[in-house]
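Annotated in Swiss-Prot:
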| type | residues | note |
| --- | --- | --- |
| ACT_SITE | D89 | active site, proton donor/acceptor |
| ACT_SITE | K152 | active site, schiff-base intermediate with acetaldehyde |
| ACT_SITE | K181 | active site, proton donor/acceptor |
Amino acid sequence: MNIAKLIDHTILKPNSTKEDVMKVIEEAKQYKFASVCINPTWVKLAAEELAGHDVDVCTVIGFPLGASTTETKAFETKDAIAKGATEVDMVINVGALKDGDNEFVEKDIYEVVQAAKGKALVKVIIETCLLTDEEKVRACELSVKAGADFVKTSTGFSTGGATAEDIALMRKTVGPNVGVKASGGVRTREDADKMVEAGASRVGASASVAIVLNDAKGATDNY
């Protein structure tokens with residue numbers, strides 16, 4: 001298995017400098033990761049640097065809390081795509097999901113899907129560590145209904161990250177035709193393999209190089 005092609009090589013720390021981001025971009029070129037996942041401010045740079053390389057430009061929307069308005073998320077999506085993003089990872093409105101406001105949650109996702117239609121993949125971060133199993137299932141069902149391409153476990157900025165159990169539950173819920181992304185706490189090749197075995201079709205990690213080289217010593221998970 002070519003694990004590199006399943007990895008979104010991630011740098012989302014708020015204090016990331018241009019030098020930090022360029023390092024991630026160069027590593028993505030070298031190891032041929034599926035994408036670089038960066039904050040929106042770096043999308044234009046990444047798109048320019050990765051032109052001609054088989055590496056997608058992924059960014060985050062409504063990140064990390066998911067509590068911005070639907071209109072803001074849709075605008076962020078259009079703006080990111082205009083600057084060169086080919087994948088967007090949006091955060092659901094977790095509070096609305098917990099309130100049982102399915103209509104709001106679905107519309108929130110749907111508007112981002114529409115803003116990205118035909119131009120970028122949409123991954124929906126459900127923030128599993130804050131949800132009950134019933135809420136995880138509902139979040140996945142609403143994501144599929146809204147037309148998302150992927151569901152994703154975590155931002156990496158909350159109380160926990162991906163678990164194999166959550167990946168299995170999400171895969172069971174969305175079926176074979178929607179992607180499942182494991183992110184948060186995936187630091188080693190063993191971690192990544194466990195997620196893929198449980199049903200993940202993509203892995204988000206900042207320790208991507210260590211995962212590919214199978215080097216536990218080099219692994220950190222500082223998004």
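Placement of Cβ uses the backbone N, Cα and C atoms for every residue, glycine included.
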Task: K152 (active site, schiff-base intermediate with acetaldehyde) CB neighbourhood, other CB atoms within 10 A - done: 29
Open item on the list: Whole-number answer please: how many Å between the C-alpha atoms of D89 (active site, proton donor/acceptor) and K152 (active site, schiff-base intermediate with acetaldehyde)?
Closed with: 8
Open item on the list: When DSSP is mapped onto helix/strand/coil, what comes out for D89 (active site, proton donor/acceptor)?
Closed with: strand
- [ ] Whole-number Å only: compute the distance from the Cα of K152 (active site, schiff-base intermediate with acetaldehyde) to the Cα of K181 (active site, proton donor/acceptor).
- [x] 4
Task: Helix, strand or coil at K152 (active site, schiff-base intermediate with acetaldehyde) [DSSP, three-state] - done: strand
Task: Local Cβ density at D89 (active site, proton donor/acceptor) - other Cβ atoms counted within 10 Å - done: 28
